[in-house]
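To start, the structure under review is shown below, and the notes come after it.
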Amino acid sequence: MTYTPAERVEIGPEWDGDDKELLRNYDFTYAISHHAHGAKGSVSNIPVTNLLQQTLDNIQKLVIPPNTFVPNAYNVTVHSKRKSSVKTGPANALEKGSKTCRVLILTFFPFAVISGGFRRVVPANLDIVVDGEGSFDSNFNNGTSSTLNFTWSCNQTQTPPTFCKKDPISTASGFTIPARHVKDGDTFTIKLQVKLKYLDEDINKNETQTVIVVANAPALEMICRKNCLSWTDYANYELITLFGASCVTNCEGLQDDDYMWSVKVLNDSSYKFDYSNSRYGKSGTKFLIEKNTLEKAAWYIVEVEAKTTQGRGYAALKMSYHRPAKVSNCKLDPPEGKSLETYYKFSCTQTPPNQPNFYEFLVRDATDISIEQTIVSGFHPDVFKRQFKLPPSEGKIFIAKATKISKESYPAKEVRVEGRVESALSDKPSKEVVQILDDIYNGNGTNQSIINLVSSNNPEDRSKAIEVFQSIVDELVVSKIEDQQLKDFLETLKYTASEDMLKAPLKSLEEVIKISQSLTKLQQQHIPAESDPLLSKFTSTVCKKMADRALETLRGQEFPYKLGDRMKKFSSTVAKCFETTTNPNYKIIKPIELNVSTETPIFDVPVITEDYPDYVDHDESYYKNLEYLKEASFNIVNGSATSAKVIAMATATGEGLVRAFGNQSETVVFKDTGSELTRSPVRATGVIVTVSSDFVNDEHSYDFLMTTWNNDILWWNPGFVKVYTNIINLEFWHSTCVKRIDSFKNPVGIYFAMKNKSGFVPRMREYFVNVAEGYATMTDDELNYQINVYRIALPTKRTLHVNFRGSNTSNVFNVVLLENKFPTVEDFVNNDVTFETDTSLRLANDYDYDILAYIGILVKKEAAAEKTTLTYGISTLVTCCIEFITLDSKWIPTCKPGNESNQTALYCICNHFSVIAGHIQNIQYIPQRVFKPDLELKLWYSLVIFSTLALTLLIFLLLLTLSLLQKKEQVYFVGDNDASHRFAYLVMIRTGEGYNAGTSSNIMIKLVGDKSFSEPHALNYPDPQLRILQQFNHDMFVLATENHLGKLTSLEIWFDSIGQNPDWYCKDILVYDLQEHTQWHFKIEEWISIVKGTTYLVAKPTQRKTPLEEPPFTKTLSFTKKFPFIRFKIDLSLLRRYHTWYLWINEENLSYIKKLTIMLSTMLTTCSLALVMLGQPSLKLIDGFERYHYYTIPLYSILVGFVCSFPTFLLHIAIAWCFRFSKIQVSKYEQDRKLSFRYTVACWSALLTLIALSTAYLIIIGFWVPKYASLIWLTTSAISIIIGVLLYEPIFFLGVNFFYNREIVYEIKKKFEDIFAAVEAQRDYLFATFGPQLLRPYFEHLYIPLKRRRIKELTILIKHRRFVISELQDLLMFVVYVIILYMVILADKDRLVVLGKMLMEDIIEGKHTRTVDFNDIETAHDIYGYINATLITSIQPLRWYGNFVVSEPGLMLDVANKYMGVTRLRQQRTKSGLCAVPEPLEFLNLSCWPEFARKHTETRTFGYRWGNFSTYINYDRLKTIWKYATQGQTATFPTFGEIAAYSGGGYVAYLGRTLYNSYVNFRQLLNKLWIDQATRVVFIEFLTYNANCNIFSSIRLTFEQSATGFVTKRVIVYTVRMLFVNNEVAYISTVFFTLFIIWVGLLMFKQSLGIVKSFRHFYKDPWLMIDFIIIVLSLLCIFFFALRIHFVGAYLEELETAKHNAFLSYFYLFYIEDFLTFAAAFLVCIATIRLWKFLRFAKMFRMMERTLAVAILPLLCFLIIFATVVMGAGMAFLLLVGKEFKRVRSLVKMIRLMLTMSLKASEMKSTEFLDYKVALFYMVLYIITLELSLFTFITIIVFAYAKAQWEFSSDLGNYTVRDYVLERSAYLRTFFTYKSKRLRAGLMEIVDSKVAPKSDKFLYRNSCSVSVPKMRLMKYITRGLIRKQTRKSSVLTSYDVKLMETICRQIFLKSGKDEVDVFFMGHVRGTNVKLVDEKRVEKIANITNLLLQENRLDSFIQEEKNPTLEKYVKAIKRRGSTLRQCTLNLKLILKKMKTAELKFSRV
């Protein structure tokens, strides 16, 4: 046996006898050894373990895979042995025990290849790289060079040689000639010899290359890309030959056209090549020789030459084409036979006879020779021994095809073989034919069936299966398939064969091709007009697998380019295979038609309409078929792409377009460099593609793959989109890195040709035009009303085509097509088209959004004169490119439309490749009627500008009037000056600007100089109006001294701390000596306050300049000006003084009136300029039309604000400074360096002129500006004024201050005379009224600073007073806050909300429909009935009141609530398999479903009827109802039901928007058993809105199904207002909500100050914490309120976008509302509790608070006990009678009932328990226990209250609100009386009045007296009581007896009349009275007075000396230590007494 190394060798036994089954009884073993020892390293035995294979008959064969053994002769010895299990037959199956076969593996010569070709030119002085790596061993398919030995030698023309000195030069695969040996003019002749390593025989091959060295020559590299050495082992003249050239070095200036090619015959100079046979011509970088061009057996030299300015490059390759095999006289043995029965062999005569030619026996179609089938193939001579079957020869040609060695490399010789084969089944009945074919397919009952053979790993078995399958298919082809039985068998065979062939482990390309051919032929038989989806899936899957297997096999080929033609044929076969399954079958995608009866609206009554499309549903088989068709289409697209890749792999780069055709498809492959791809478009059937310009300069190789289909392979798409062009699939791959390129920067152009027989018919509509009278003389305005306009909404990425068919008379109409513009006569001037009989216009929408297109048609005036009635027709259609989205299975518009599109060719500009087609459709247009308005325009004026002007002028006049009432600058002559004091000092005091910086106290001051000091003076008395020393004040006082003080050294300040605001913050004081004209500045900046600890202050003068007296107006150049980078500091307070708008800063030359006038002029001028720049009206009626449709603030307004404020600022700042520099007309002060008064007059003139002009302009023009434009003007003007005030003027001042230091003068010297005159007037009046000492005698008590005792008293008093004031403020604020809060909350909680909720509950429960009642639902089946009969008819009724038929969907059944969106049904299920039916009851065939639990929630995805999931369900419209939606997806919170708690997730379904759609969905749910026994809860949720009362209602129906089957139900209706509408409620809510926000802001500000002040103690004050919580909750409520408004708006907008036809989750709105409600309720609760703090002023509330504090612990303990009792009682009662009563069927209900009974005993209806004695007894016992518990609760509270009373019985109380009110009333009454009396009285009356002591009657008014004996008796009785309590023994002691005697004696002793003890009552609060002994009070008073004298004994000098007191004082001072010791002892005794009292109280 002879084989090539690339062949597979199989050796196995074969039985010669009839019984071939006997081979199974023997075991066969094999051994391999070399026949001759010619191979290197060979051994005698070769291991065969891995070479054994088991056949289907369980017989072992020896299989030698290709390229396993090296070429040589081998002996294969076979041994046989009978199996031990077999007892009969010979022991050895072989005659001699063993048999040896000789296997000869042929040896082929290697090929030597030197890169660079036969001859080449290289530049000098560069390395020459010589590479022989392209050489290969032809004995192996992989073409490896690793089995070769290399021997290099060379000759050199230069003598002596510099490099070629030795032989061999190298034995590697290549070497390099160094540059130093490469000289100009030298020539190297290099010879390569390659030899096989594994053979000792001298089998070698030689190759020679000549290298010519030329200086500066370009180095060219010539490459053979196809059909020559290094590409293949042999060249084949039947294939194209492709060369490429490139330059390596010295390539400057070399272009592609500089490469010149030539073909020569070796040693034949006369040969001339015809370059027309070269596809790319003679020049260029590529050179292609077409097939069958060059002669056979001749040596050709292909040369390329390139010339540059520096030299000439050259390279050449030598090649030869081989002759075909010499074969003739091919015969068939036997020459005649029958199909399926006769086995044939064929033989041929060849020369030489032993040459191993490769043969193929082919069967071709006689009519189409491109259709052929390979029957058998192999090498000579074995192929002649193989038997095979043939198909019937009718219409067939038998061909024997022979090639030398390899069929891919050598040219083939075809010889026709004569033979006659008849069909074996032609005369048999159909039934028998079917049986025979079925038996053959199934192997006649043996294991030789096709499925077994084709799935075998043995190639022979697979080959046999393929041959059998081919014979079956061939027999079917020639059969007349008209019988139904044969048709059925054919259809079954298509399924079976497709499924079986998928299991074939195909290993070779031959197998892939054969199976593809057979399957394609089978599928092409009796192709049904309507394809079967399942068959399409199977067939396309097999075809795709064939393509995938071919691609995989081709990737393992070393020389894939040899297979180009075969791959083209294979691609055609695969394409035809795919096409057999693409016929449309529209029946299987036809939707189900449902019959839902609805009433037709009566048109004579009002109808509410909403138009929604009906749902389209299909049966379940539709979705399966859709899945099959989708997979089939996917296989077709991807399989065709794979087929194109197969062609591309067998195509060389630069080969050009390669096409493969199917019956209805074409595959185009273009493999070339990127730059070549862009040179010319790629054309296919009906498609032209221009490649993206991204690849213009790209020299990488790319694969352009395109498949086109003439038929619609995607006819099944769910959107029913029909394509009207070929469908194309484009792919673009990088050839080398095998990476797909999906998108491009520059687009790809695609031209589609519209199909002529596509079936599309444009919709043409006819119109008549009646020409109006006088048409020819109409003006342009009149012609605008004669234009016929049609509007079209043109979607994005589409091209509009407008076709016109005019009247019989041409040149009649002008037409324009405009984008987003309504046509007018002006548009016809340059853009019109005069259409003749047929005209077409086009408009492409290449935007990313939709546009409006307008068609305008206007009759020509010339035509109008001839006819009065004209006709024309219009058809509008759009074209676009559509892309198929596989994931969604739909066509979508893609690519931008090109400008070259028309109705026959569609041009698209795409940036990506995919499945694309062209689409065309009619588009609707809407006629636009242009009516001439019969209207009269009236001015629609706005009063915004006029109102703004009037308000501005009114404010100006008001401020001008207020200037007359301004407080004048005044100097106060102090009221306690002495007339004899002649030295005057001016004291200027500046009070701070802080909160409460002013004071109500009397401020005293004392000046101290180096010569003398002044008397203390009260500065601000009298001041009944509190105008002196108040916040922001600059007050001036004149005080007199007896002597000149000299230089002031200090001043002293103190106060008496009286009044409402006693504190005072003094900023600084300036003292001016009116005699010496000198001044001193005292910087104070400190609070004088009792609380802050500063009551007396001594200040020293400072050297800093005071702001009150500033230097004259100067103009200086400072150091900062020269060097601004060193220091730049600006006093910002000067900015305030110079700012024109700072009215309350007076300047001498820029008075208040001037500033006010400048401000008015600035505002009016700015407003006028803003109006001009925004566009002033034309003063025509057209101005009434708004330019703006709503109020907005455009960016242009801000720009206008910046622009128009600048000139206004420049003008008025000049006027202001001109005022400052000009003189005043009448001034009593000298004015230096001032401008003339004329400048003042000019400034006034300019201001008045600007004001007058601006006012007139705004009044006249303002009425013509519409509303929104006026508001925008107002905003712009405000922005402009703000910019001028806050930006331009500060910047101007800062710039001026940077260069010049300017300050305003304020000199006292100038005003000395005014001050003197004012002081003298006051002085004369005061002295004349009050005498020489004025009021000084009244102020004696103020001239001494406060003493420490008084300070302590005032400190306590002020702290209490401030606390009380703060509490009163808080009380007021919180009362107002709580009132507003209640109003805000209750504004939307009216009775309409409650009534709306009640009505909605009645509707849902079925009370209005009188159908299935909600409360009657008992089972899951009842839920279906309720939805069908009640729910759907309630939310989507058919009639209103029996009169109005609703054109759905309208309102709900109540005619008030609008049903929003759709209804959602959500269910949760329990998992299956969690419980089992007991084994004894399994015969009942029951299923077990446990009770619901969260952990057992079912979350899997199911199929129909809760079966297993199938992928085809993804196409179902209701596919989501079987998929679990999580809580996040449903946007629903968990819910607590009666049976269990449920999450927010579940399986979700929806009803429809219309009645029809609702019933469609409901029917689907009903038919598919969406609610079944595993359903545990069903939620039905929807939203309604009542516009009458602005109420949203969220309805949730809950059905819980227990494991018992019992269903509980509940209706939850949540009504709330979420929108603000124009009604009274909304107005009130808005007002109160605004007040609430303001009040919360005030509270937050106030409490923030409190937190800042007491931050360290913040967490210790619970009330402050509560305030903080209230503010935070208020802010949260405001935030969530605003958030709710935003979300409601977003929801309504989203709902409007969805057209109400979807369920949009609204739950978050109600969750926010819930949070808002809970937060508001909690806020109301806390805010109300917060008022408790203010009620704690009353003792009753404090006692209540204490009662709760005392009782809380016992109450909690007893509450726990009570709860335990209730729970235990509830569980016991549940066990007793729980199953008898619905009200107590669960523990929760039972406990809830029992708790309710504790509050309301009648809640438990005792009559229900009369029949159950045990239950009745139990309930009576529980009620008795309940009463005892309540008694215990009351007892605990009573005892706690008693203890609280006892604790508060001795409470003395604190300073309270009542005290504060009484104090303030008494103080004010006394204050005014005191002030008025002092002011009316004369001096002598006050001096003469004496202070008299109080009378005894007044002194002892609040006291009581007790006789001395009674006091003694009380003392001894008290001792007796104490003794009785502390006595431990019952035996009387002598002390006890004596004490008893003393008590008895005191009882009977008579008391004297004068012996009494006086006690003062110390009671403050409560019923107890505290008594203090008079003697003790006198002692304490005397000692305290002495101790508080503080060494001021001078007060005793003026009085009589009291020796006793002096003695006591001395004794106290002397015995100080003794007194201190006594004090400590007294404290210790006091502590002991308290301990004794505590013990006594406990006893």
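Going from the start of the chain as shown, residues are counted 1 onward.
Glycine is treated like the rest: Cβ placed from N, Cα and C.
TrEMBL has this to say about the protein:
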DOMAIN    983-1102  domain 'PLAT'
TRANSMEM  939-960  transmembrane segment
TRANSMEM  1156-1175  transmembrane segment
TRANSMEM  1195-1219  transmembrane segment
TRANSMEM  1239-1265  transmembrane segment
TRANSMEM  1271-1300  transmembrane segment
TRANSMEM  1368-1387  transmembrane segment
TRANSMEM  1625-1645  transmembrane segment
TRANSMEM  1666-1687  transmembrane segment
TRANSMEM  1707-1729  transmembrane segment
TRANSMEM  1750-1777  transmembrane segment
TRANSMEM  1815-1842  transmembrane segment
Quick tally over 1156-1175, 1368-1387, 1666-1687, 1707-1729 of CB pairs under 8 Å to the transmembrane segment (1271-1300) gives the top stretch as 1156-1175
| query | the transmembrane segment (1707-1729) vs the transmembrane segment (939-960): three or more C-beta pairs under 8 Å (separation of 6 or more)? | reply | no
Counting only residues at least 6 beyond its ends, the same-chain positions whose CB falls under 8 A of a CB in the transmembrane segment (1239-1265) are 939, 941-946, 949, 953, 1157-1158, 1160-1161, 1164-1165, 1167-1168, 1171, 1176-1177, 1179, 1183, 1211, 1215, 1218-1219, 1221-1225, 1273
Quick tally over 1156-1175, 1666-1687, 1750-1777 of CB pairs under 8 Å to the transmembrane segment (1195-1219) gives the top stretch as 1156-1175
Per the Cβ under 8 Å criterion, with at least 6 residues separating them from its ends, the transmembrane segment (1156-1175) contacts 945, 948-949, 952-953, 956, 959-960, 963, 1140-1141, 1143, 1187, 1197, 1200-1201, 1203-1205, 1207-1209, 1211-1212, 1215-1216, 1247, 1250-1251, 1253-1255, 1257-1258, 1261-1262, 1265, 1269, 1272-1273, 1276-1277, 1280-1281, 1284
Ranking 939-960, 1666-1687, 1750-1777 by Cβ pairs under 8 Å to the transmembrane segment (1625-1645) puts first 1666-1687
Taken over the domain 'PLAT' (983-1102), the predicted model's pLDDT averages 88
Secondary structure of the domain 'PLAT' (983-1102) by DSSP, residue by residue, totals 0 helix, 63 strand, 57 coil
